[in-house]
Amino acid sequence: MFVLVNLKAYPCDPVAVAEAARDVSEETGVRIAVAPQAAHLSAVADTGVETWAQHVSAVEHGSHTGSTLAEAVADAGATGTLLNHSEARRKLADIDAGLDAAERADLETVVCANNPEQVGAAAALGPDAVAVEPPELIGTGTPVSKADPDVVTDAVEAAAAVDGSVDVFCGAGISTGDDLDAARDLGASGVLLASGVAKADDPRAALEDLVEPVAE
Ligand SMILES: O=C(CO)COP(=O)(O)O
């Protein structure tokens, strides 16, 4: 199971979370990556943790003020990027072009989607993975893998029907090892989470609990 921690714009210490994620990943053998604010990418990557961007713009080098250039994200140490999110919704054409930009910069990709139908559409664009995240459960602490398991199994089916090589992750309300275990049982190969770690009093303990079912 891949654990991808999206720090969104939460007021946590990105380097402290990154160091905890690096240590827990090394101790348990579980792949854990951290996606901080773009301005924190270098500092997070310097810890040695696997580092992801939250977004790259659908642009190439050029006159694109305010954009997040895929090449710049890679230069800062990111090896992957999220694309699209319920909290920052993109047009399909922009997701498609964002995937091209990520490929140019050799970044791994996870496209977020709100439901299994969108998962099918996103899978057709050829990302490395899609993450299904029902918006109504995001940030609630109620895990999608328990509250709405059909969403996960339907997402796995929808992606497989389009492109069997696209991994499916799930997110929204994931915070404990039980939640991760349930996600795995439903066919997800990773989890995408935010508040369970970014808002935890002790992010290291939160991560240790989260990966416990899949630790070596
Ligand atoms: O939106 C999410 C990750 O991208 C999920 O957020 P929570 O883990 O806070 O529910």
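Each Cβ is built from the backbone N, Cα and C atoms, and glycine gets one as well.
Binding site for substrate per TrEMBL: N6, L7, K8, I138, A194, S195, plus G173 from the candidate set G29, G48, G164, G173.
The separation of H85 (active site, electrophile) from I138 (substrate binding site), Cα to Cα, is 11 Å. Cα to Cα, N6 (substrate binding site) and H85 (active site, electrophile) are separated by 11 Å.
Residues from the binding-site residues list (L7, K8, A194, S195) with a C-beta closer than 6 Å to any atom of ligand 1: A194, S195.
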